[in-house]
């Protein structure tokens, strides 16, 4: 995961200090891109241990179209707790927008189902896009979408995905986002009878919170280890049939976990 470490170095060297919504403060750059060849291994950070269970369950939760954290809590995932109300609700966040985007005419659109069908039947389309940024509903969301738009591209029997992330917490959030969208790409590739291609990660405001700088510097002292392999149950033929037990990460040998506080 040299690409991730290079991002960290770039922001430490070229970032400027900025205030932010949370009051923590950041060093930030605007505009950056990383590319990962998914056939070279599963892009999960090895310079600290990630909680893969949280990544997988969060993605499955998005795909269910849910916006209440009950499913996450039942599966030991706490990453959304700080933003939920007393009933566990988050408002019309990612799952709602992915699976039931509501238009001005009251019609709902299942963007995920639409994009999977388009990949299968119109692979050359330039409209293979899913957006979580519904401007009419931003104010009702507990947290505006950080990873807000992604597009697929089919070439030579391979499926690639590019994510645009408007706001990127480099220490805590970005490693999760890389793994999540790489996994989504693999899942969709499987159900569309394609091989996986590239994951392209494009950032708007890429930042390191001031209370994460020492943790990032610690990661930069650690040597990256070989990427693991993510195995999917080949029997699953529908994107919405995947369960947690259908995933196996083989050969993940990370450095120890590094703790960092979440800025809410």
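Sequential numbering from 1, following the chain as shown.
The backbone N, Cα and C atoms fix where each Cβ goes, glycine too.
Record features, source Swiss-Prot:
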BINDING   21, 126, 127, 166, 167, 168, 169, 177, 207, 208, 209  dUMP binding site
BINDING   51, 169, 263  (6R)-5,10-methylene-5,6,7,8-tetrahydrofolate binding site
ACT_SITE  146  active site, nucleophile
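Features as recorded by Swiss-Prot, highlighted on the structure.
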residue : record                                                    : DSSP class
21      : dUMP binding site                                         : coil
51      : (6R)-5,10-methylene-5,6,7,8-tetrahydrofolate binding site : coil
127     : dUMP binding site                                         : coil
146     : active site, nucleophile                                  : coil
167     : dUMP binding site                                         : strand
207     : dUMP binding site                                         : strand
263     : (6R)-5,10-methylene-5,6,7,8-tetrahydrofolate binding site : coil
**Item:** Span of 21, 126, 127, 166, 167, 168, 169, 177, 207, 208, 209 around dUMP - largest C-alpha separation, Å
**Value:** 36
**Request:** Show which residues of the chain containing residue 169 (dUMP binding site), separated from it by at least 6 in sequence, have their CB under 8 Å from its CB.
**Result:** 146, 207, 209, 263
**Asked** Just counting, how many other CB atoms are there within 10 A of the CB of residue 51 ((6R)-5,10-methylene-5,6,7,8-tetrahydrofolate binding site)?
**Response** 14
**Request:** Looking only at C-alpha atoms, tell me how far residue 51 ((6R)-5,10-methylene-5,6,7,8-tetrahydrofolate binding site) is from residue 167 (dUMP binding site), rounded to the nearest Å.
**Result:** 21
**Complete:** Checking the binding-site residues 167, 209 for other Cβ atoms within 10 Å of each Cβ, the smallest tally belongs to 167
